[in-house]
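According to TrEMBL:
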type     : residues                                 : note
SIGNAL   : 1-26                                     : signal peptide
DOMAIN   : 27-323                                   : domain 'Plant heme peroxidase family profile'
DISULFID : Cys37-Cys117                             : disulfide bond
SITE     : Arg64                                    : site 'Transition state stabilizer'
ACT_SITE : His68                                    : active site, proton acceptor
BINDING  : Asp69, Val72, Gly74, Asp76, Ser78, Glu90 : Ca(2+) 1 binding site
DISULFID : Cys70-Cys75                              : disulfide bond
DISULFID : Cys123-Cys319                            : disulfide bond
BINDING  : Pro166                                   : substrate binding site
BINDING  : His196                                   : heme b binding site
BINDING  : Thr197, Asp243, Thr246, Asp251           : Ca(2+) 2 binding site
DISULFID : Cys203-Cys228                            : disulfide bond
Amino acid sequence: AGNSNIWLRSCLVLLVAVCGAGKCWGQLSTDFYSESCPMLMDTVRCEVESAVDKETRIAASLLRLHFHDCFVNGCDGSILLEDTDSFTGEQTAAPNNGSVRGYYVIEDIKSKVEQVCPGVVSCADIVAIAARDSTVIAGGQSWEVKVGRRDSKTASFNAANSGVLPAPTSSLNELIKSFGDQGLSANDMVVLSGSHTIGVARCVSFRDRIYNETNIDPSFASQSEENCPLAPNSGDDNLAPLDLKTPTSFDNNYYNNLIEQKGLLHSDQVLFNGGSTDSLVRSYSQSPKRFAADFAAAMVKMGDIKPLTGSQGEIRNVCSRPN
């Protein structure tokens, strides 16, 4: 019994030591770094503000980066890893190649964070915080970001290419399934699609819609055609705003566009096309406050997808390569 008590006291001491630097291992929390890196949030915010000042588009890019990270094996920073001798990373997979941006911003933020608290904060957490800050800077709702993730030591080209990331050609059922596979509801899917209130898309991703689909406003289609030639491989990388009305403001105009049949991507317009999500689109078009609140809640939920915690993974020194 004496030995048992000694063992128990030792475990309690160890538990206190493990939990002392932040929250206990195995869970995410909003104050995980409150003691170990109190300057974290301010540091990230300043760097994101600086990046958006230089290029407005980067706000949408950083938000999308978090989404594309979380949908492939969880929110583990794996999308940031460049190819190595032992694995081919996710950056050149079809959904990401030439499309996902902002890696350098995360690297810049990580460099600044390492100066104030070296070896403490994961790249995966930086991606999550930067997504929130980008939204707020663009005029959107803030939320308390849960942190405590650790970084993956590897990445998977095949996983990123497997169809887990919804394509711009996705049907409504495909979108619902894709999000459902990640534990996100159809409601979450519709509100997270509202992130398309900022940012741009490449001609190659909306060419078929503007030339061949009928559920599209004719004047909007004609305007979009000006910057997106019909011929394949002609102007594929030409850009158009996802939200024609307020392309750099995080608001609910995305849903108004859908009601007017001015969704740029096929996967946008299917949310309002006589299907099960029409009523939700109408609701968000009429209530900016509901959209803002639901978007914030859905982002927290998305950030909870299969994080690495505890002794899993690592805290990378540089976001683009394993330690």
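Just so you know, glycine gets a Cβ as well, placed from its N, Cα and C.
Model, not experiment: these values are computed from the prediction.
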Between Ser78 (Ca(2+) 1 binding site) and Cys203 (disulfide bond), how far is it from one CA atom to the other, in Å?
27
Among the recorded positions listed here (Pro166, Cys203, Cys319), which has the Cα closest to the Cα of the residue listed as 'active site, proton acceptor'?
Pro166
So what's the average pLDDT for the domain 'Plant heme peroxidase family profile' (27-323)?
97
Across all chains shown, how many C-beta atoms besides its own are within 10 angstroms of the C-beta of Thr246 (Ca(2+) 2 binding site)?
18
Cα of Gly74 (Ca(2+) 1 binding site) to Cα of Cys117 (disulfide bond): how many Å, rounded?
25
For Ca(2+) 1, what surrounds Asp69, Val72, Gly74, Asp76, Ser78, Glu90 with a Cβ no more than 8 Å from their Cβ centroid?
His68, Cys70, Phe71, Asn73, Cys75, Gly77, Ile79, Ser152, Ala155, Ser156, Ala159, Ala160
Is any of the binding-site residues Asp69, Val72, Asp76 within 10 Å of Cys123 (disulfide bond) (Cα-Cα), and if so, which, in sequence order?
Asp76
Restricting to the same chain and to sequence separations of six or more, state which residues have a Cβ under 8 Å from that of Pro166 (substrate binding site).
Glu174, Leu175, Ser178, Phe179, Ser267
Residue from His196, Cys203, Cys228, Cys319 whose C-alpha is spatially nearest that of Asp251 (Ca(2+) 2 binding site), among the recorded positions:
His196
Between Cys117 (disulfide bond) and Thr246 (Ca(2+) 2 binding site), what is the CA-CA distance rounded to a whole number of Å?
38
For Asp251 (Ca(2+) 2 binding site), what is the tally of other C-beta atoms lying within 10 angstroms of its C-beta?
19
Given the recorded Ca(2+) 2 site (Thr197, Asp243, Thr246, Asp251), which additional residues of the same chain have their Cβ within 8 Å of the Cβ centre, ordered by sequence?
Ile198, Lys245, Pro247, Ser249, Phe250, Asn252, Asn253, Tyr254
So how many other Cβ atoms are close to Cys123 (disulfide bond), meaning within 10 Å of its Cβ?
30
Including all protein chains shown, what's the count of other C-beta atoms within 10 A of the C-beta of Cys319 (disulfide bond)?
24
